[in-house]
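Participant: Here's a structure for you.
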Amino acid sequence: MTSLAEESLLLKKTVILAIFAAAAVVLGIIESMIPVGSFMMPGAKLGLANIMILTCLYFLNGKDTLMLVVLKTLLTAMILGTFSMLLFSLFGALLSFGVMYGLMKISRKRLSLIGISVAGGIAHNIGQLAAAAIVIDSLNIFYYLPVLMIAGVATGIVVGIAVRYLVNALGHMKLFAPFVPNEY
Amino acid sequence: MKGKMMKRGDLILIGIVVIAALAFIVPRYWGGNESEKNHIENRFVHIEVNGEAYQTLPLTEEEQIVMIKTEDGFNQIKIHNGGVEMIDADCPDELCLGFGFVTRPGQQIVCLPHRVSVFIGVESGEELEVDDVVG
């Protein structure tokens, strides 16, 4: 039996997840329109959707965020029609989530959201390259990892700063009030 | 906003990553200059589909255009001036077109939706290990 207060909290959580998922999908679509994966950096992405994932990780728990990650990846693949790429995006997204979740748990004191975002971005690149290496059955693809790492640091910092501002702004909203973690 | 924007840990993390990445990138462009252009005779362009050899061609100065047809669609590569580039493909993401013109052994062009991999090797039929490339 759930009390009224618990039920309202659950409802709020569902609403937040739905908003985040919608925002993440839109960011994913916008991102696909911006060609960054140009010279020597194939597969480099801005990782805009990561803004929503990391924000979700900040307010809600790992289980909810995992739901958001899977939802966002599936929806984006369906909308963009890149279903054949689902394996790669899922691989990258899950590894990125795993790393950010772990760091959020163990080294929140030492790392700010920027550091966590950087680690998540790099994990995403490694995950995608690993999936690619498995499919084409060759490790040569890791040739591009160092360049992607540099790109990951740059985009990770930007995403981290965005998350910081977003978390601050959302934290003042009534909907998010019960979920603001009492850290810092 | 509470606290500082970045913590010490962030800077350490970013520093380690950048140094590690540069340690791999810098040697590629260093000292490779003299051996760069003059050895294209024994370099080959390997084309693999689904992890299996599809075609091997010599890396030439002259222009060669190769059409790779797979069950999923086509990819077109152009070999010229001692390098290779993907010039056309009907894959959904067209990431493979973003690899640009590659000239160094070990460099690779990949089209994941079509599972096509094109890479430059030093000897025919032999795959370059990652370690050989960076070492």
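A Cβ is built for glycine as well, from the same backbone N, Cα and C atoms used for every other residue.
What TrEMBL says about a protein is an automatic prediction, not a curated fact.
Annotations for this protein, taken from TrEMBL, read as follows:
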- A:15-34: transmembrane segment (TRANSMEM)
- A:46-62: transmembrane segment (TRANSMEM)
- A:74-101: transmembrane segment (TRANSMEM)
- A:113-136: transmembrane segment (TRANSMEM)
- A:142-167: transmembrane segment (TRANSMEM)
Participant: Which range out of A:46-62, A:113-136, A:142-167 gives the transmembrane segment (A:74-101) the most CB pairs under 8 Å?
Facilitator: A:113-136
Participant: Cβ under 8 Å, sequence separation of at least 6 from the ends of the transmembrane segment (A:15-34): give me the contacting residues as numbers and ranges.
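Facilitator: Residues 45-49, 51-53, 55-56, 59-60, 64, 67-68, 71-72, 75-76, 79-80, 175-176, 179.
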